[in-house]
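Remarks on the structure that follows.
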Amino acid sequence: MAIQHPDIQPAVNHSVQVAIAGAGPVGLMMANYLGQMGIDVLVVEKLDKLIDYPRAIGIDDEALRTMQSVGLVDNVLPHTTPWHAMRFLTPKGRCFADIQPMTDEFGWPRRNAFIQPQVDAVMLEGVSRFPNVRCLFSRELEAFSQQDDEVTLHLKTAEGLREIVKAQWLVACDGGASFVRRTLNVPFEGKTAPNQWIVVDIANDPLSTPHIYLCCDPVRPYVSAALPHAVRRFEFMVMPGETEEQLREPQNMRKLLSKVLPNPDNVELIRQRVYTHNARLAQRFRIDRVLLAGDAAHIMPVWQGQGYNSGMRDAFNLAWKLALVIQGKARDALLDTYQQERRDHAKAMIDLSVTAGNVLAPPKRWQGTLRDGVSWLLNYLPPVKRYFLEMRFKPMPQYYGGALVREGEAKHSPVGKMFIQPKVTLENGDVTLLDNAIGANFAVIGWGCNPLWGMSDEQIQQWRALSTRFIQVVPEVQIHTAQDNHDGVLRVGDTQGRLRSWFAQHNASLVVMRPDRFVAATAIPQTLGKTLNKLASVMTLTRPDADVSVEKVA
């Protein structure tokens, strides 16, 4: 219910297609993606500027692929440290688990350290590319209300002036204490950890050793992390009876740092801050014309670095669907698949993060003894040890329902999983990552075949209205065979041989890839038409009003 101010006339009225509450990483990613799709966006943020202190320190391959989708990855990479290993240590300093996955199936290193404020600044600068995106800081969201075809937001500026925003949709990216979620009375189920952790960031890294170390000390567990630009992060468990004020006192801070540094007096402190680790999940992600994303929808402990990355997955999943609905290319039932696809995986990442925290700081002493024993035993079980150290236990996003069409058993199907991103060779000889050849679009990718062959003229018209790219993959040595060219089809060479292996493994020759790079369906040329009809129905696509021209893609 909106708060009414009958005696105060609003200073400004805004009318937009999408209002985003919160200029954190998820809100800024949503704004960048929608901006490049031509959607009119307004971001409103309570603070007067971006948060400038480090928070998240881990960005994964999926999040970098999301940055790539909005043309910002080259600006983000200088603020990352790729291939960032995570090492678990016993109290005596023995490494019992060294997690350093070395695969790059999605085009980027799987584990990377990063400096969040600098990456957030890249995204804020990124929205300036789009005249249809505006960001308003120092705007407190006082109230909002939903009507059949719009959401009305009531804002207050730092000077006390009122503004009204009329939007078709509201995306709440306003954090774990989300005003939007609380106003809608959406349950935020889960637990708050009984213990807290104090985070200490130091400039001119006094250790300068690479990677991140988690020391499972039963007296006081701690974390030591090397970050880009010579920043060192330490995290110490706050013990019962201690307060943030006490730990901030110089003598107590010196005592903490003496645990990890030979000279705790010779440091350049950036900041200290106490955190409570929560594990909570919103019961619903969509409430009519309001959608929850990022921490507003789920929060999790930091131990797997997945809070930030889960928020990026939300933005990538939601943004393309919202754009299609606003453009009239799909009905709003498509937005129901956002919760259907994202909520279960967010829960899996919460559970994994809680488990990792329990490995670092077991709730009971005997659990620590068991952990140490199991870690020793793993040395005699190399396949099991590799399973953990290569992070194969990480729940890869897989959707079992939603905007996809699956034939056969789900367990072995690639449908609902992210498609690989190898390097490909273009016809002009350039070598690039696959997504760069596709852009922010759907793609129908065929191994060796003309992907248009199994489609009717009506289907070609429908999918071209979505800016779908049609890709023919051939062995690299065939890339200049002119007679195989087809109008409206982009030919690429399989530079690394990974696409051939993928299609051979999954017994398919055609894949329909969504804009968020997930496999929506697989087929062979003779079944593609039927599959596309099913997918169009599942996604509630509308029919294009006019013919879409077919042009030759060089």
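Quick reminder: no glycine exception, Cβ is built from N, Cα and C everywhere.
As given in Swiss-Prot:
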BINDING   17-46, 285-295  FAD binding site
Looking only at DSSP and grouping its letters into three states, which state does A23 (FAD binding site) belong to?
-> coil
Identify which of the binding-site residues A23, M29, L291 has its Cβ surrounded by the largest number of other Cβ atoms within 10 Å, counting every protein chain shown.
-> M29
Kindly assign F285 (FAD binding site) to one of the three DSSP-derived states: helix, strand or coil.
-> coil
Hey, does DSSP put G35 (FAD binding site) in a helix, a strand, or just coil?
-> helix
Secondary-structure category, per DSSP, in which L291 (FAD binding site) falls | strand
For F285 (FAD binding site), which residues in the same chain are close in space, meaning a Cβ under 8 Å from its Cβ, but six or more apart along the sequence?
-> L291, L292, A293, A297, Y338, Q339, R342, R343
